[in-house]
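As recorded in TrEMBL:
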REGION    1-35  region 'Disordered'
TRANSMEM  41-59  transmembrane segment
TRANSMEM  80-102  transmembrane segment
TRANSMEM  122-142  transmembrane segment
TRANSMEM  154-174  transmembrane segment
TRANSMEM  204-224  transmembrane segment
TRANSMEM  236-259  transmembrane segment
TRANSMEM  303-325  transmembrane segment
TRANSMEM  331-352  transmembrane segment
TRANSMEM  364-392  transmembrane segment
Amino acid sequence: MADDQIINRNRRDMSTNDESNSIEKSGKTKNTKSSDGLTDLVQIVSVSGLGIAFGFLMNKANVYLAPVIRDQMLFQHFTMIKMFLGAVGASMLSSCIVIVVSESTYRTVCNSFIHRNNRIHGSHLLMGGALIGVGMVLAGSCPGTVFVQMGSGLQNSFLTCLGAICGVLFYYGFLSARLTKDEVPKSSIVLQQLPELIGVKRSYLNLIFGSIFIGTAFTLEHFIPYKNDFITPKGLPSILGWSPVLCGIGIGSLQLFFMMLFKKSLGISTGFTVLVAQLCRVKSLKKLIPSLEPFTYGVQNSLALLFAFGAIGGSFVSTVSANQFPLNEQYGAGVLSSFFGGFLLTLGARCAGGCTSGQGISGVTHLLVGSLIATAGMFGGGMLFAAGYGLITKDWLFRAL
């Protein structure tokens, strides 16, 4: 079957899909099933290993350090963008492999991702993405790297995690029912995919864009070697690392395993939602926030949480092996910035339906226009906030944060 037939079938599947009346109910339906016929034990071991690899590579790329993330927003360092381009490029090439090996698997993954976004309007994508961007500057982290920071021993990262938990509670307590009340019209641009819009086969576009992204990352690496971007606060030894391009390619390659083993896309911010949802095991709290109940039970929810815990473990292994545990707090954010940044990170991620890994890596891989809008909001919001903060305070090194 040709790739354009995959696109047409995507639309047919979307038009007949009435599993639920909300994103949360859709997640509940999926979470009651095992993925791809694998036993629960195999899934648990597999996703834990992938989480460890994710945390280890993110740590080695140094993209979990607050100065790296903040300086990227002002184009003072390019570690983060090189890692991101490498990850998206590898993820796109991974999707090409999945299409060749099992078109039905890719169709299932893609349809599921689109269905999860069918109640997220364009304004929510842009607003949520911008909130993530601001949170990235404040906390010096993104939703995924919070777990990496925790594994490295950064004390204030636990405050970021606490803020992230509060962000999830605020979203599901006050915003979820309002923001996801109406479905996005199927004709909306945010649910369109680039192959449909420009009439080019999906595998061709993924191959072309994937190669361009990876090529761009290596070009940046050639002119701006990653060793020049090592962060060295006064009085502290430099944190050594690996090429962010190669680490990014490794992270993006995890997409292949997620699609083939679990029939789902790579993403990590849901881990916070599943963590908070465990409160629903208490009946009184379940009544207060019923919209979190679908994330409370089920193998798939457990896998999301295990992937996040694996990321903590992988980062811990990387930091300890480099004799840098616990990491000095100068590599993190301040107390208030950590908490409020974490709050905005998960609030934005829930509004936008994903974070830098969910919408940024996976959504862009699926060539969904809505994901491109959310990703633009993340980086655009972060850059505007960083520039505005610098102009107002003259604190271009973010010392007060």
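Numbers here mean position along the shown chain, with the first residue as 1.
Every residue gets a Cβ built from N, Cα and C, even glycine.
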**Q.** Segment-segment contact (the transmembrane segment (364-392); the transmembrane segment (41-59)) at 3 or more Cβ pairs under 8 Å
**A.** no
**Q.** Spatial neighbours of the transmembrane segment (154-174) far in sequence, C-beta under 8 Å, 6+ residues away
**A.** 139, 141, 143, 146, 272-273, 275-276, 288-289, 291-292, 326-327, 329, 331-335, 338-348, 350-351
Q | Recorded stretch, among 41-59, 122-142, 204-224, maximising Cβ pairs under 8 Å relative to the transmembrane segment (331-352) | A | 122-142
(Q) Are there residues at least six beyond either end of the transmembrane segment (236-259) with Cβ under 8 Å to its Cβ atoms? List them, or say none. (A) 46, 50, 53-54, 57-58, 60-63, 65, 79-80, 82-95, 97-98, 105-106, 109, 214, 217-218, 220-221, 226, 230, 265-266, 322, 324, 327-328, 330-331, 361-362, 365
Q. Between the transmembrane segment (204-224) and the transmembrane segment (41-59), are there three or more C-beta pairs closer than 8 Å, counting only pairs 6 or more apart along the chain?
A. no
(Q) Given a Cβ distance threshold of under 8 angstroms, which distant residues of the chain, six or more beyond its ends, lie next to the transmembrane segment (122-142)? (A) 64-67, 69-70, 73, 149, 157, 160, 163, 179, 188-190, 332-333, 337-338, 340-345, 347-353, 355-356, 359, 370-371, 373-386, 389, 398, 401
**Q.** Contacting positions for the transmembrane segment (41-59) when only residues 6+ beyond its ends and CB under 8 Å are counted
**A.** 34-35, 144-145, 147-148, 151-152, 242, 247, 250-251, 254, 257-258, 261-262, 268, 299, 302-303, 306-319
